[in-house]
Amino acid sequence: MDRDEEMGHGDRSLLFIGDEDDDLGADRDGGSPPSSDDSSLSGGSDDDDAGSGRDGERDAPDDDGQKGAWPQSYRQSIDMLSAVPSPTVSTIMAASPSLSRLGNSFVKAGSSFFLKKAGGEGSLPLTRPLLPPSMSHLSQQSQPQPQQLVRQSTDSLPPRPPPARQGSGLAERPSRACLKSDYIELPPPSTKCSKGQSIINGFNVLCGVGILTTAYGIKEGGWLSLLLLPMLGASSCYTGLLLKRCIDSSPNIETYPDIGQVAFGIFGRIFVSVVLYLELYASCVEYITLLGDSLSSVFPSAHLAFTGINLNAHNLFAITMALLILPSVWLRNLSLLSYLSAGGVFATLTVIICLFWVGIGGGVGFHPSGTALNLTRLPVALGLYGYCYSGHSVFPNIYSSMKDRSQFPFVLLFCFIVCTVVYAGVAVSGFMMFGESTMSQFTLNMPQEFIPSKIAIWMTIVNPYTKYALTMTPVALSIEEALPKKMQNYLVGMSVRTCLVLSTVAVALLFPYFALVMALLGSVFTMLVALILPCACYLSIKKGEVPLWEVCLCITIILIGVVCACVGSYTSIHQMISSR
């Protein structure tokens, strides 16, 4: 049985609720029960002992270093972006502190009413009605203060035997680098995900809007460019396993910025965080461009002329959709945003089904055409294919939240194989259907008179609309927590988020090239996050322990990533300048 469960804290999501967060944080980290004198020091000794018991491992950042290290909101905000929660009442109550407090009030009020009605005024109050007797006994022994907050428990399963204490084992606990805010409600770091849930989260990360441009990649690079898909997929899967090994080197490592800090110090943490946040910001720019392109194809004659300002259909819908998205970015209860992430998986599957429906039953058919290889535009195809595997910023979070972490290699390999097959199938089908007329998004080529085409277009609109706020929230939180303490309030937070949304609209209108911007993102950020940084961090953390063949392999991947990033970014920027 976990130590948290022994203390009556089986539902870790409730450890962040109430006025006792500081005391409960020490208990959560594996220390002794908190006291009023030195509760802030209760979690330090375990980490020192665990770190000293492992020879040859790189020292991880200590408690004090991680509590003050920026960003502290990364784990929670990225969990919202990647996780697909099950829509149960208990999950919603656990995810929202305000709803949990309301639920506790209902439980206490209802319990008092029925007890008084049954037994009169002398009846004993009902305490911890959801705990089994054994758990209630343990909880009363571990809580010397009777005025502590009553929490709900999810310990309905039989108690598990205590795990063997091993110095190299990873403690399953929430990240210490967690943001606590007075004006927003952040969900706690997700824990205890099953293998099936982790696979769904992996698909949610990998199967995004990048699938819309795979057919355009064949048009740009030729049929042989498809060989880049399995090559990039195999390399990205391998580097994902390298991130797992980096996390296994210390129990304090749970996120990508943590890996950067252990590998290269505080500079590495900041550099990795900035790169990841820039990638998320650029993805929001792509969402605005995608919304403008999709809606302008549905309503091509829409325009606005007002006081000398002329907006065509693309610009008009880009601005309109940004204004409609803005309220979702202002939400105070950010945990509710995570329930929008399930819409992305459903929308992607629907678009794929509609593509094959139009090709097989819609009369479009499949017509082989195109060139074998186009070296001039091959870097653009490389960037487009690379963007499809840009999920490494979330893989450490998925691994840290798994119930059985030994299943992570299978989860990663399964997700990459399935996604690569789907990407290749959509690319081949889309290009054989539309040939050299294939546009940056194959949905723009689908005949509007067919019902599946209409469904695919609107699903393409729903996907970025539901994911924009989830993608922008980590960027906004990182800026807000860097502000002075007196400026960390809801009004300033709303201003920051508004400025971020308006800036993405400005960039999207300035560079309205969906495929070229995506190719630039895939060439720069994906090569950095998925190929270069994992190998560099792994060689730094595991220095002296990596066999020679793996050192050579990592160095080769780094060199390939650097070359692809330089050539791909130059080609994409050159074509954007030429298109203006």
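Placed from the backbone N, Cα and C atoms, the Cβ positions cover glycine too.
As recorded in TrEMBL:
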- 1-12: compositional bias 'Basic and acidic residues' (COMPBIAS)
- 31-44: compositional bias 'Low complexity' (COMPBIAS)
- 125-153: compositional bias 'Low complexity' (COMPBIAS)
- 194-573: domain 'Amino acid transporter transmembrane' (DOMAIN)
- 1-81: region 'Disordered' (REGION)
- 125-174: region 'Disordered' (REGION)
- 199-218: transmembrane segment (TRANSMEM)
- 224-243: transmembrane segment (TRANSMEM)
- 263-282: transmembrane segment (TRANSMEM)
- 302-324: transmembrane segment (TRANSMEM)
- 336-360: transmembrane segment (TRANSMEM)
- 380-399: transmembrane segment (TRANSMEM)
- 411-435: transmembrane segment (TRANSMEM)
- 455-477: transmembrane segment (TRANSMEM)
- 489-511: transmembrane segment (TRANSMEM)
- 517-539: transmembrane segment (TRANSMEM)
- 551-573: transmembrane segment (TRANSMEM)
- Region pair the transmembrane segment (263-282) / the transmembrane segment (517-539), three or more CB pairs under 8 Å: yes
- Task: For the transmembrane segment (455-477) and the transmembrane segment (411-435), check the count of CB pairs under 8 Å (sequence separation 6 or more) and say whether it reaches 3 or more.
- Result: no
- Item | For the transmembrane segment (380-399), sequence-distant contacts whose Cβ falls under 8 Å of one of its Cβ atoms, 6 or more beyond its ends | 75, 78-79, 81-82, 189-190, 193, 198, 201-202, 205-206, 208, 210-211, 213-214, 216-218, 220-222, 225, 228-229, 232-233, 236, 239-240, 243-244, 247, 253-256, 258-259, 276, 279-280, 405, 408, 411-412, 416, 419, 423, 515-516, 518-523, 525-527, 529-530, 534, 564, 567-569, 571-572, 575
- Message: As a test: from 302-324, 411-435, 551-573, pick the stretch that has the greatest number of Cβ pairs under 8 Å with the transmembrane segment (517-539).
- Response: 551-573
